[in-house]
(Lines of atoms letter the chains of each structure in order from A and count residues from 1; the text may use other names and numbers.)
(Lines give C-alpha, C1' and ligand atoms only; values in the text may rest on other atoms or scores of the structure.)
Protein backbone atom coordinates (compact mmCIF):
# COMPACT_ATOMS: atom_id res chain seq x y z
CA UNK A 1 0.00 0.00 0.00
CA UNK A 2 1.37 3.39 -1.01
CA UNK A 3 2.32 6.17 1.40
CA UNK A 4 -0.11 9.04 0.85
CA UNK A 5 1.88 12.26 0.55
CA UNK A 6 -0.13 14.71 2.62
CA UNK A 7 0.37 18.12 1.06
CA UNK A 8 -2.33 19.64 3.22
CA UNK A 9 -0.56 18.74 6.48
CA UNK A 10 2.78 19.97 5.10
CA UNK A 11 1.14 23.23 4.01
CA UNK A 12 -0.33 23.78 7.49
CA UNK A 13 3.08 23.18 9.07
CA UNK A 14 4.81 25.59 6.67
CA UNK A 15 2.10 28.22 7.19
CA UNK A 16 2.61 28.06 10.96
CA UNK A 17 6.36 28.54 10.49
CA UNK A 18 5.66 31.42 8.10
CA UNK A 19 3.46 33.16 10.69
CA UNK A 20 6.37 33.04 13.14
CA UNK A 21 8.82 34.38 10.54
CA UNK A 22 6.46 37.22 9.61
CA UNK A 23 6.01 38.14 13.29
CA UNK A 24 9.81 38.26 13.78
CA UNK A 25 10.26 40.36 10.64
CA UNK A 26 7.65 42.82 11.84
CA UNK A 27 9.26 43.02 15.29
CA UNK A 28 12.86 43.41 14.08
CA UNK A 29 12.52 45.37 10.85
CA UNK A 30 9.07 46.95 11.11
CA UNK A 31 8.16 45.40 7.77
CA UNK A 32 5.00 43.45 6.96
CA UNK A 33 5.05 41.44 3.72
CA UNK A 34 2.53 42.87 1.27
CA UNK A 35 0.70 41.02 -1.50
CA UNK A 36 -1.63 42.56 -4.07
CA UNK A 37 -3.78 40.32 -6.27
CA UNK A 38 -5.17 41.91 -9.44
CA UNK A 39 -8.33 40.29 -10.78
CA UNK A 40 -9.73 41.21 -14.20
CA UNK A 41 -13.35 40.23 -14.83
CA UNK A 42 -15.54 37.81 -12.91
CA UNK A 43 -14.38 34.31 -13.81
CA UNK A 44 -15.96 32.12 -11.06
CA UNK A 45 -12.99 29.73 -10.80
CA UNK A 46 -10.57 32.66 -10.59
CA UNK A 47 -12.70 34.25 -7.86
CA UNK A 48 -12.36 31.07 -5.77
CA UNK A 49 -8.57 31.04 -6.23
CA UNK A 50 -8.34 34.72 -5.30
CA UNK A 51 -10.39 34.22 -2.12
CA UNK A 52 -8.11 31.34 -1.12
CA UNK A 53 -5.07 33.56 -1.62
CA UNK A 54 -6.67 36.35 0.41
CA UNK A 55 -7.33 33.96 3.29
CA UNK A 56 -3.80 32.55 3.20
CA UNK A 57 -2.26 36.04 3.16
CA UNK A 58 -4.38 37.19 6.09
CA UNK A 59 -3.54 34.02 8.04
CA UNK A 60 0.18 34.57 7.45
CA UNK A 61 -0.07 38.09 8.83
CA UNK A 62 0.50 39.83 5.51
CA UNK A 63 -0.73 43.19 4.36
CA UNK A 64 -2.92 42.08 1.44
CA UNK A 65 -5.18 43.71 -1.10
CA UNK A 66 -7.35 42.50 -3.98
CA UNK A 67 -7.93 44.86 -6.90
CA UNK A 68 -11.03 43.95 -8.91
CA UNK A 69 -11.06 45.39 -12.43
CA UNK A 70 -13.66 45.37 -15.18
CA UNK A 71 -13.32 42.78 -17.94
CA UNK A 72 -13.44 45.66 -20.43
CA UNK A 73 -10.30 47.33 -19.04
CA UNK A 74 -7.72 48.07 -21.73
CA UNK A 75 -4.26 46.55 -21.74
CA UNK A 76 -2.67 49.97 -21.18
CA UNK A 77 -4.95 50.71 -18.22
CA UNK A 78 -4.07 47.36 -16.64
CA UNK A 79 -0.35 48.06 -17.11
CA UNK A 80 -0.85 51.43 -15.37
CA UNK A 81 -2.41 49.63 -12.38
CA UNK A 82 0.53 47.21 -12.25
CA UNK A 83 3.03 50.07 -12.47
CA UNK A 84 1.36 51.74 -9.49
CA UNK A 85 2.04 48.66 -7.33
CA UNK A 86 5.54 48.22 -8.80
CA UNK A 87 6.32 51.59 -7.22
CA UNK A 88 4.47 51.00 -3.93
CA UNK A 89 6.92 49.92 -1.16
CA UNK A 90 4.07 48.46 0.92
CA UNK A 91 3.65 45.62 -1.58
CA UNK A 92 6.42 43.07 -2.12
CA UNK A 93 4.40 40.69 -4.29
CA UNK A 94 2.16 41.38 -7.30
CA UNK A 95 0.00 38.64 -8.76
CA UNK A 96 -2.23 39.08 -11.80
CA UNK A 97 -4.81 36.30 -11.74
CA UNK A 98 -4.90 34.33 -14.99
CA UNK A 99 -6.54 33.79 -17.43
CA UNK A 100 -6.98 37.31 -18.78
CA UNK A 101 -9.62 38.45 -21.31
CA UNK A 102 -8.73 37.75 -24.94
CA UNK A 103 -8.03 41.38 -25.81
CA UNK A 104 -5.17 41.56 -23.28
CA UNK A 105 -1.73 40.09 -24.03
CA UNK A 106 -0.72 37.84 -21.17
CA UNK A 107 2.97 38.24 -22.03
CA UNK A 108 2.80 42.05 -22.04
CA UNK A 109 1.17 41.96 -18.61
CA UNK A 110 3.76 39.54 -17.20
CA UNK A 111 6.52 41.77 -18.58
CA UNK A 112 4.97 44.78 -16.85
CA UNK A 113 5.42 43.27 -13.37
CA UNK A 114 8.64 44.15 -11.56
CA UNK A 115 10.61 40.84 -11.56
CA UNK A 116 11.44 41.42 -7.87
CA UNK A 117 7.68 41.40 -7.12
CA UNK A 118 6.74 38.60 -9.53
CA UNK A 119 5.78 36.06 -6.86
CA UNK A 120 4.19 33.77 -9.47
CA UNK A 121 7.62 33.36 -11.08
CA UNK A 122 6.36 33.88 -14.65
CA UNK A 123 8.41 36.93 -15.70
CA UNK A 124 10.99 35.99 -18.37
CA UNK A 125 13.79 37.30 -16.13
CA UNK A 126 12.77 34.88 -13.38
CA UNK A 127 12.38 32.08 -15.92
CA UNK A 128 15.90 32.82 -17.16
CA UNK A 129 17.29 32.82 -13.62
CA UNK A 130 15.70 29.41 -13.05
CA UNK A 131 17.25 27.95 -16.20
CA UNK A 132 20.64 29.42 -15.30
CA UNK A 133 20.58 27.70 -11.91
CA UNK A 134 20.02 30.94 -9.94
CA UNK A 135 16.32 30.75 -9.07
CA UNK A 136 14.67 33.45 -6.98
CA UNK A 137 11.00 33.49 -7.93
CA UNK A 138 9.90 30.01 -9.03
CA UNK A 139 6.40 29.08 -10.28
CA UNK A 140 4.53 28.06 -7.15
CA UNK A 141 3.24 24.62 -8.14
CA UNK A 142 6.68 23.19 -9.07
CA UNK A 143 8.13 24.83 -5.95
CA UNK A 144 5.43 23.15 -3.85
CA UNK A 145 6.11 19.78 -5.46
CA UNK A 146 9.81 20.07 -4.59
CA UNK A 147 8.87 20.72 -0.95
CA UNK A 148 6.65 17.61 -0.92
CA UNK A 149 9.46 15.49 -2.39
CA UNK A 150 11.87 16.91 0.20
CA UNK A 151 9.46 16.28 3.08
CA UNK A 152 9.08 12.64 2.10
CA UNK A 153 12.83 12.16 1.52
CA UNK A 154 12.40 11.19 -2.13
CA UNK A 155 15.85 10.65 -3.62
CA UNK A 156 16.19 12.46 -6.97
CA UNK A 157 19.90 12.24 -7.79
CA UNK A 158 20.47 9.61 -10.44
CA UNK A 159 16.76 8.83 -10.68
CA UNK A 160 14.54 8.90 -13.77
CA UNK A 161 11.78 11.51 -13.66
CA UNK A 162 9.01 11.77 -16.24
CA UNK A 163 6.67 14.76 -16.48
CA UNK A 164 3.41 14.61 -18.44
CA UNK A 165 2.59 18.15 -19.58
CA UNK A 166 4.92 20.86 -20.89
CA UNK A 167 3.22 24.05 -19.70
CA UNK A 168 5.19 27.11 -18.65
CA UNK A 169 3.36 26.97 -15.31
CA UNK A 170 4.23 23.39 -14.28
CA UNK A 171 5.98 21.12 -16.79
CA UNK A 172 8.91 23.22 -18.00
CA UNK A 173 9.94 24.75 -14.65
CA UNK A 174 9.43 21.37 -12.97
CA UNK A 175 11.89 19.81 -15.41
CA UNK A 176 14.55 22.38 -14.56
CA UNK A 177 14.09 21.99 -10.80
CA UNK A 178 14.51 18.22 -11.14
CA UNK A 179 17.58 18.66 -13.35
CA UNK A 180 19.11 20.85 -10.63
CA UNK A 181 18.75 17.85 -8.30
CA UNK A 182 20.59 15.64 -10.82
CA UNK A 183 17.58 13.64 -11.94
CA UNK A 184 17.38 12.45 -15.54
CA UNK A 185 14.25 14.16 -16.86
CA UNK A 186 11.89 13.34 -19.73
CA UNK A 187 9.26 15.98 -20.54
CA UNK A 188 6.31 14.46 -22.41
CA UNK A 189 3.24 15.94 -24.08
CA UNK A 190 0.26 15.18 -26.33
CA UNK A 191 2.53 14.25 -29.28
CA UNK A 192 4.73 11.84 -27.33
CA UNK A 193 4.42 8.34 -28.85
CA UNK A 194 3.95 5.30 -26.61
CA UNK A 195 3.35 7.54 -23.59
CA UNK A 196 2.50 4.75 -21.15
CA UNK A 197 5.72 2.94 -22.07
CA UNK A 198 7.78 6.11 -21.48
CA UNK A 199 6.11 6.77 -18.12
CA UNK A 200 6.59 3.18 -17.02
CA UNK A 201 10.34 3.82 -16.74
CA UNK A 202 9.90 6.65 -14.23
CA UNK A 203 11.09 6.49 -10.65
CA UNK A 204 9.21 9.76 -10.19
CA UNK A 205 6.15 10.53 -12.34
CA UNK A 206 4.62 14.02 -12.31
CA UNK A 207 1.28 14.44 -14.08
CA UNK A 208 -0.11 17.84 -15.08
CA UNK A 209 -2.42 17.59 -18.09
CA UNK A 210 -5.95 18.32 -16.83
CA UNK A 211 -7.54 15.02 -17.90
CA UNK A 212 -9.47 13.14 -15.23
CA UNK A 213 -7.97 9.77 -14.24
CA UNK A 214 -5.86 9.67 -17.41
CA UNK A 215 -2.94 7.83 -15.81
CA UNK A 216 -3.77 4.22 -14.99
CA UNK A 217 -1.66 1.40 -13.54
CA UNK A 218 -0.09 0.61 -16.95
CA UNK A 219 1.68 4.00 -16.82
CA UNK A 220 3.53 3.34 -13.57
CA UNK A 221 6.21 0.92 -12.55
CA UNK A 222 6.20 -0.92 -9.24
CA UNK A 223 7.42 1.32 -6.42
CA UNK A 224 7.36 4.61 -8.33
CA UNK A 225 6.56 7.97 -6.70
CA UNK A 226 3.57 9.70 -8.33
CA UNK A 227 2.75 13.41 -8.05
CA UNK A 228 -0.73 14.33 -9.34
CA UNK A 229 -1.09 18.03 -10.20
CA UNK A 230 -4.49 17.73 -11.91
CA UNK A 231 -7.78 18.86 -10.46
CA UNK A 232 -10.86 17.69 -12.34
CA UNK A 233 -14.37 16.35 -11.86
CA UNK A 234 -15.13 12.71 -12.63
CA UNK A 235 -18.34 11.40 -14.20
CA UNK A 236 -20.05 11.55 -10.81
CA UNK A 237 -18.98 15.15 -10.25
CA UNK A 238 -16.40 14.27 -7.59
CA UNK A 239 -13.01 15.99 -7.45
CA UNK A 240 -10.25 13.86 -8.88
CA UNK A 241 -6.79 14.21 -10.32
CA UNK A 242 -5.13 13.26 -13.60
CA UNK A 243 -4.22 9.91 -12.02
CA UNK A 244 -6.64 7.05 -11.34
CA UNK A 245 -5.78 7.10 -7.65
CA UNK A 246 -7.53 3.87 -6.60
CA UNK A 247 -5.83 1.87 -9.35
CA UNK A 248 -2.37 3.36 -9.10
CA UNK A 249 -2.00 3.46 -5.30
CA UNK A 250 -1.80 -0.35 -5.20
CA UNK A 251 1.33 -0.33 -7.35
CA UNK A 252 3.38 2.71 -6.31
CA UNK A 253 5.40 3.51 -3.18
CA UNK A 254 4.12 7.09 -2.71
CA UNK A 255 1.35 9.18 -4.26
CA UNK A 256 -0.29 12.58 -3.71
CA UNK A 257 -4.08 12.61 -3.31
CA UNK A 258 -6.54 14.99 -4.96
CA UNK A 259 -7.65 17.03 -3.14
CA UNK A 260 -5.11 17.50 -0.35
CA UNK A 261 -1.88 16.92 -2.26
CA UNK A 262 -0.25 19.52 -4.48
CA UNK A 263 -3.00 22.17 -4.32
CA UNK A 264 -2.46 23.39 -0.73
CA UNK A 265 1.28 23.66 -1.33
CA UNK A 266 0.85 25.93 -4.36
CA UNK A 267 -0.72 28.70 -2.28
CA UNK A 268 1.73 28.10 0.57
CA UNK A 269 4.67 28.64 -1.79
CA UNK A 270 3.06 31.85 -3.06
CA UNK A 271 3.04 33.13 0.53
CA UNK A 272 6.61 31.95 1.13
CA UNK A 273 7.84 33.74 -2.00
CA UNK A 274 6.08 36.95 -0.94
CA UNK A 275 7.86 36.72 2.41
CA UNK A 276 11.20 36.15 0.66
CA UNK A 277 10.53 39.16 -1.59
CA UNK A 278 9.95 41.27 1.53
CA UNK A 279 13.28 40.07 2.95
CA UNK A 280 15.10 40.93 -0.28
CA UNK A 281 13.54 44.41 -0.27
CA UNK A 282 15.59 45.16 2.86
CA UNK A 283 18.74 44.81 0.76
CA UNK A 284 17.47 47.27 -1.83
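Glycine is no exception: its Cβ is also placed from the backbone N, Cα and C atoms.
These come from Swiss-Prot:
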BINDING   165, 166, 167, 190, 231  NADP(+) binding site
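Counting only same-chain residues six or more apart in sequence, the Cβ atoms lying under 8 angstroms from the Cβ of residue 165 (NADP(+) binding site) belong to 171, 188, 189, 207, 208, 209, 210, 229. If you count neighbouring Cβ atoms within 10 Å for each of the binding-site residues 167, 190, the highest count belongs to 167.
Across the residues the record lists as binding NADP(+) (165, 166, 167, 190, 231), the two Cα atoms farthest apart are 18 Å from each other.
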